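Read the structure below first, then the notes.
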């Protein structure tokens, strides 16, 4: 009896195990069948959508205007080339429109497709008006996305890198601001056939990623959107425009240009504190500073396009050059008057010639005796001369000529009044110029000169 019960339990356990395995196998088969059914349904929907579809014709042809809604997500902005007046931007460009021919009904509400389907349906012929070169990314496959909803609304997204023109006004360089446009629209369809609109409100239609700035010399202040109509010989076309507002960073130019110019001007004014007789030293100061300013002015223009007007930096360099050249002219003036022997009051200084002193004759006891003659008669040999020697005795005595008190002579080892005046005038004028210059440009409100589409 016990053996029978054990056998029954074993049979019951085996039956449960077989039942579980059977249900699991049936579930897997059911899932595979369901997946196979979904794939089949998906394929049938696509085949039915493309059956009789002509991608050469726009949606609503002859009935309505095709509305294309767009928005842009900027993944990378920059770099910006001042010399070529262009910038590079990497974007996800999204377009959405409605095509009633692509309506469908099925278990899914959205068909998520790739670029293969995009080539079989009608898509807008959008191009960039100010684009110099546009590249659609194809690695590892074309970076395109297509989604079709059951009511026939399509979302078409692609990744693009665009190099576009950016007209720049460099009058305020390097304190300038710019509005770089990105213009796009239909190439073949006029506004009577295809119109463009922004998907969202203007503030959200164009978004820049937080880490999307690739700018070394600019700050991206923001972006604005606009739309307009452009008239051409083939009709009127809708043009969508996005302006990216840029402000230049001045730090690089302060280090590379402004500070060297200021130091060069200060160095040229050091010569005012040297003696006017130090011709070699003052000449070296003047010539060296002039050549330095010439080199700085040339290097400052290398990174800029050859514009026909003067920039703010050009005016600063020109004034600094004028100060340096004026310091050299000032030394030439001082040296001219020094060589001519003229002082500041206009009186000439004539060096006094030394007077010749003649040997005087001294009269003594009605007898002239040469003061510088040393004559001793030999009285022993000539006794007759004893009497003469008594009456005419030679007294060798040095007689000093009468001299007048010397007048104080003017010396040239002094400071010129021109130098004294220049020591005050040059630094004062240069300081006033810097005060006016920086106050004018740094406190100026940015004036964004953005070209507007023709209405």
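Quick reminder: no glycine exception, Cβ is built from N, Cα and C everywhere.
Keep in mind it's a predicted model, so treat the numbers as computed, not measured.
The signal peptide annotation in Swiss-Prot covers 1-27.
Summarising the annotation, Swiss-Prot assigns topological domain 'Extracellular' to 28-253 (among others).
Swiss-Prot lists 38 (among others) with the feature N-linked glycosylation site, giving sequence analysis as the kind of evidence.
There are 17 other CB atoms within 10 A of the CB of residue 94 (4-aminobutanoate binding site), with all protein chains counted. According to its DSSP assignment, residue 94 (4-aminobutanoate binding site) is in a strand. Marked as 4-aminobutanoate binding site by Swiss-Prot: 94, 157.
Taking Cβ-Cβ distances under 8 Å and a sequence gap of 6 or more within the same chain, residue 138 (N-linked glycosylation site) has no neighbours at all. Summarising the annotation, Swiss-Prot assigns N-linked glycosylation site to 138 (among others).
Positions annotated as disulfide bond by Swiss-Prot: 166-180. DSSP assigns residue 166 (disulfide bond) to coil, not to a helix or a strand.
What Swiss-Prot lists as transmembrane segment is 254-274 (among others), and the listing cites similarity to another entry.
What Swiss-Prot lists as topological domain 'Cytoplasmic' is 275-279 (among others).
If you look up Swiss-Prot, you'll see 280-301 (among others) marked as transmembrane segment.
Proximity of distant same-chain residues to the topological domain 'Extracellular' (302-311), defined by a Cβ-Cβ separation under 8 Å and at least 6 residues beyond the stretch ends, is recorded for 82-85, 170-174, 318. According to Swiss-Prot, the feature topological domain 'Extracellular' maps to 302-311 (among others), an assignment based on a curator's inference.
Within its own chain, the transmembrane segment (312-333) has Cβ neighbours under 8 Å at 171-176, 253, 257-258, 261-262, 264-265, 268-269, 271-272, 282-283, 285-287, 289-290, 292-294, 296-297, 300-301, 418-419, 422, 426, 429-430, 433, 437, 441, counting only residues six or more beyond its boundaries. Residues annotated as transmembrane segment in Swiss-Prot, with similarity to another entry given as evidence: 312-333 (among others).
Residues or ranges marked as topological domain 'Cytoplasmic' by Swiss-Prot on the basis of a curator's inference: 334-420 (among others).
Per Swiss-Prot, transmembrane segment is recorded for 421-440 (among others), and the stated evidence type is similarity to another entry. Beyond the ends of the transmembrane segment (421-440), by six or more residues, the same chain brings 262, 265, 269, 272-273, 315-316, 319, 323, 326-327, 330 to within a C-beta distance below 8 angstroms of the stretch.
What Swiss-Prot lists as topological domain 'Extracellular' is 441-455 (among others), and the listing cites a curator's inference.
Taken residue by residue with DSSP, residue 138 (N-linked glycosylation site) is part of neither helix nor strand, so it is coil. Within the same chain, residues at least 6 positions away in sequence whose Cβ sits under 8 Å from that of residue 166 (disulfide bond) are 80, 85, 86, 87, 178, 180, 181. Of all the Cβ atoms in the protein chains shown, 17 others lie within 10 Å of the Cβ of residue 157 (4-aminobutanoate binding site). Within 10 Å of the Cβ of residue 180 (disulfide bond) there are 25 other Cβ atoms, across all protein chains.
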